[in-house]
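Notes for the one structure printed next.
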Amino acid sequence: MGSDKMTGHNNNNNNEMSDDYSLDRVPLKERNMGWLSITNITFGIATAIFYFQMGSVMALQFGAMNAIISAIYAIIVAGILGTFIAYLSAKSGMNVNLLSRGGGFGYIGASLTSFIYATNFIMYCALEGLILVAAVHEFIPTIPEWVLILFFGTIVIPLNWFGIKQLDKLQKWSLPLFGVFLIAAIVMAAIQPSGYDGTFWSYMPEGVQVGGTALLLCIGMQHGIMGLTPLLASDYARFLKPKDRKIGIFAIGFIPQIFCFGVMGGLGIWFGVRLGEPNPGVYIVLLLGIFGVLFTMLTQIRINVTNIYSGSLSLSNFFENVFKFKPGRRFWVVVTGVAAIILMLMDIVNHLEAVMTFQGVFLLAWAAILVTDAVIVKKVLKISPGYYEWRQINLFKWNPVGVVSLLVSSIVGTIAALGYMGSFLQSTAAFFASILAAILTVIIALISKGKYYVKKESNDISKEEYVA
Ligand SMILES: Nc1nc2[nH]cnc2c(=O)[nH]1
């Protein structure tokens, strides 16, 4: 795609798969996707029934109003971060793996983030796959679970073969079907007698009130996943047409958060309260029968295709940076899929709570560092280049700005999130870790005078791609 000259490395794999760009920015002339197409791809994540579950569990345990307030908080924080990150990606043509290289981490520093990010997608892929396997197994218990794991684990691999254009088609065609199933589920729930007499938002379990500990616990649950959606918007926003940028960054960065936490989470609250059941795997099948299984199949395949896509991009970046190993994105699609299958077969996903807690803190802090670096270090203080360098030849291996900020904030935040610093900090750990990460980013950038961002300034980046 003519980008070899720019990267200084051989990009045969990219040439074969014209829409790959796993190790390279998307060149300006290839940024040709409309905002609606890209927003639609990110809806693959937003339609996951995981968000039903979040809403239902929070409402039944901590009260509907606390669940609603925490959802509004999640939409605002994740939406603001997502919009900024979508802007950086649309301007530079890079996803967060590439942005991190010149955005405060250095190229080995950025491989650290890529690796943790990749493991997160593999774990989510296994988690989402197991939800699907459980629903199908419940309906057809004669098929052994391991067969279902192999089948549904494998099916997402070919669905990722042709990159972003294939994702676009898949999400586009399956969205109307999702809409039909969703409306059917809402109608079926509405015509059933409600398990709760009042309006759904007034539901409160015994002894729980609005605000206080119950609200903090809801916020703590939201923190577990809020960092991920803003970051992964970048895998898709980098393909945005420049002329769609104004509306596009908002559509890609903010609207999916409204859908995840607001619409799906809100429906989860309503279903949970109405049916008195926290598990959508149970109530969707109760409401729709065999169609409930098909609905689950659809939502889980939609989300797992995006998990495999983002996972493969992150693994490509890690192995290129650290081992100079560049077998092409498709190789990493297979590795991500197989790793998720192994996690499912070994049944260890449900024993990774501490790891998931760490990931939640880490992802929000990482998003905060990227945004702080762009807005404060690049734009206000102007102590690092106004563009994002991604070529190893021009980069230092490590930049303490992002690496130290992320390690310190994630470690402190995880200790707090695991409950070692009291119950207030347990629920708010990811938020405070991201504030700490932002402050450290500015302090370390000032102390190091931005020395470790680039070895030498480039003069071949178009002004159009500068973010500051
Ligand atoms: N990207 C992503 N976000 C999620 N949020 C909740 N579940 C998931 C998932 O499997 N993948």
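Cβ from N, Cα, C; glycine included.
Annotations in TrEMBL come from automatic prediction, not curation.
Here is what TrEMBL says about this protein:
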TRANSMEM  33-52  transmembrane segment
TRANSMEM  64-88  transmembrane segment
TRANSMEM  146-163  transmembrane segment
TRANSMEM  175-194  transmembrane segment
TRANSMEM  214-237  transmembrane segment
TRANSMEM  249-270  transmembrane segment
TRANSMEM  282-301  transmembrane segment
TRANSMEM  331-349  transmembrane segment
TRANSMEM  355-377  transmembrane segment
TRANSMEM  398-422  transmembrane segment
TRANSMEM  428-447  transmembrane segment
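Within its own chain, the transmembrane segment (428-447) has Cβ neighbours under 8 Å at 77, 104, 216, 219-220, 223-224, 226-227, 360-361, 364-369, 371-373, 376-377, 381, 383-384, 400-402, 404-406, 408-410, 412-414, 416-417, 421, counting only residues six or more beyond its boundaries.
Take the transmembrane segment (175-194) and the stretches 33-52, 214-237, 249-270, 282-301, 355-377: counting Cβ pairs under 8 Å, 282-301 has the most. Among the recorded stretches 249-270, 282-301, 355-377, the one sharing the largest number of Cβ pairs closer than 8 Å with the transmembrane segment (214-237) is 355-377.
Contact between the transmembrane segment (249-270) and the transmembrane segment (331-349) does not hold: fewer than three of their C-beta pairs are under 8 Å, each pair 6 or more apart in sequence. The transmembrane segment (282-301) makes no contact with the transmembrane segment (331-349), as judged by fewer than three Cβ pairs under 8 Å among residues 6 or more apart in sequence. Away from its own ends, the transmembrane segment (398-422) comes close to residues 100, 103-106, 108-109, 112-113, 220, 223, 354, 357-358, 360-362, 365-366, 369-370, 373, 377, 429-430, 432-434, 436-438, 440-441, 444-445, 448, 450, 452-453 of its chain (Cβ-Cβ under 8 Å, at least six residues beyond either end). Taking Cβ pairs closer than 8 Å, the transmembrane segment (33-52) reaches residues 127-128, 131, 164, 167-168, 170-172, 175, 178, 225, 229, 232-233, 236-237, 239-241, 244, 247-248, 251-252, 255-256, 259-261, 263-265, 267-268, 271, 280-281, 284, 295-296, 299-300, 302-303, 305-306 in its own chain, all 6 or more past its ends. For the transmembrane segment (64-88), the residues of the chain that approach it from at least six positions outside its boundaries are 55, 58, 94, 96, 99, 103, 200-204, 208, 210-211, 214-215, 217-219, 221-222, 226-227, 229-231, 233-234, 237, 240, 245, 248-250, 252-254, 256-258, 260-262, 265-266, 269, 273, 364, 367-368, 370-371, 374-375, 388, 431, 467, judged by C-beta separation under 8 angstroms.
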